[in-house]
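Input: a single structure, listed below in structure tokens.
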Amino acid sequence: MSRSAHPAGPRHADVLTEGHYSAPAADLNVLDEKVWSRTVTRDADGALTVGGIAVARLAEEFGTPAYFLDESDFRARCRAWSEAFGPDADVFYAGKAFLSRAIVRWLKEEGLNLDVCSGGELTTALDAGMPAERIAFHGNNKTAAEIERAVEAGVGRIVLDSFQEIVRVAHIARSHGVRQRVQIRVTVGVEAHTHEFIATAHEDQKFGIALADGQAAEAVRRALGLDSLELIGIHSHIGSQIFDMAGFEVSARRVVQLLAEVRDEHGVELPEIDLGGGLGIAYTSDDDPREPHEIAKALSDIVTRECESAGLRTPRISVEPGRAIVGPTAFTLYEVGTIKPLEGLRTYVSVDGGMSDNIRTALYDAEYSVALVSRTSEAEPMLVRVVGKHCESGDIVVKDAFLPADLAPGDLIAVPATGAYCRSMASNYNHALRPPVVAVRDGEARVIVRRETEEDLLRLDVG
Ligand SMILES: *Cc1c(COP(=O)(O)O)cnc(C)c1O
């Protein structure tokens, strides 16, 4: 949920006017490095370049709309996470943020593990050569067929999400003659929002098994009683786009309490805990995300402290960043089609994509930034709303932002930080063709997911 839609009211409500937009940046031509991928800069002509290639060339070669993903930034973020957590912890990239075979190969090369949550994601991971033991399989309603494939492939862990699933996975593992490594996902009663969290006894959501009322302890009892399951630990994931580490503090404390109960009741110290993902990134200049090494230190301090006070050995920690790795590494490039000034309100800028390539604004009231990238401009800032071409008035890409007042049809504009949950949630609404993802690195650009074609649409429509 975005700040402006938060039940607690918008942050800075006192300084924001009605649209909740911040004041325009002093210079609209400056690309804030917080929201753009690392190799983005402006060249001598004022055009944005990524990986050394100017956007005009990218637009010409690959068309618009398109996602451009900064491969060296992606790899650097993978390394930063794995170095921050070190050899005694495991980093799982959450594939649902954005997954393709190229991504899987980069993850493999950079030493990361991978979370999948469907048969399709599992197939992509295995096809691109991710070793099965580095894959974790998630989801609140995995089908029997998906569980079979995961067990047959030999995935490193299946994260059990319900009492039914404990039995289901145990049964399938037994019929394959294997002892499947599993974790149990618990809900710890932490509702984490961007800038705050609420600790409750219960969580009203579909995932996991509640710690409350001894539910999770009962799940552990059942899993430990089944020979075909090897229970390696407890999993908890508290939300998304989180900046406040206090939510993780409560979550880790409650999970460690469960580990202590398990030891007291069964004489077993479960060796692992997984604290999930959900770490925030900068979508606008107002956001201040933490660096991986700060997050790693904070999480490991919390777990170590809680375990010491419970007299437990410190378990191996895993984390599952998705957005924090891929989110900042891509931007969406659009061409401006029409411009409608609404006197006294704002100017509507229509682009050649929209809610089919970025549903987050409509779905979560998410905030984004935008910049004119095919040139610089010295014109005054104008308040704009960037909208798509879909038959839907909620088809908004950027709710409130400033672009130069001399913006014209044919200009290229780009929305940064669209690497996560944009292509992966893209749709064919209005029979839109989903845009390509183009990886850019060291002066070379290559398509890693091609643009959909009208033939693709017709192929599915069997008439
Ligand atoms: C979605 C999800 C993640 C990743 O969340 P991000 O916000 O992308 O970091 C990690 N773990 C689980 C279980 C998830 O469902």
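Cβ from N, Cα, C; glycine included.
Between the candidates GLY267, GLY278, GLY463, TrEMBL assigns the pyridoxal 5'-phosphate site shared with GLU320, PRO321, GLY322, ARG323, TYR421 to GLY278. Comparing GLY322 (pyridoxal 5'-phosphate binding site) with GLU392 (substrate binding site), their Cα atoms are 29 Å apart once rounded. Distance noted between the C-alpha atoms of GLU320 (pyridoxal 5'-phosphate binding site) and GLU392 (substrate binding site) is 35 Å. A Cα-Cα distance of 27 Å separates GLU392 (substrate binding site) from ARG323 (pyridoxal 5'-phosphate binding site). The Cβ neighbour count for ARG360 (substrate binding site), using a 10 Å radius and every protein chain shown, is 20. Proximity to ligand 1 at the level of Cβ atoms, with a cut-off under 6 angstroms, picks out GLY278, GLU320, GLY322, ARG323 from the binding-site residues GLY278, GLU320, GLY322, ARG323, TYR364, GLU392.
Looking only at Cα atoms, ARG323 (pyridoxal 5'-phosphate binding site) sits nearest to LYS96 among the recorded positions LYS96, ARG360, TYR364.
Ranked by how many other Cβ atoms sit within 10 Å of their Cβ, the binding-site residues GLY278, PRO321, GLY322 place GLY278 at the bottom. The separation of LYS96 (N6-(pyridoxal phosphate)lysine) from GLY278 (pyridoxal 5'-phosphate binding site), Cα to Cα, is 12 Å.
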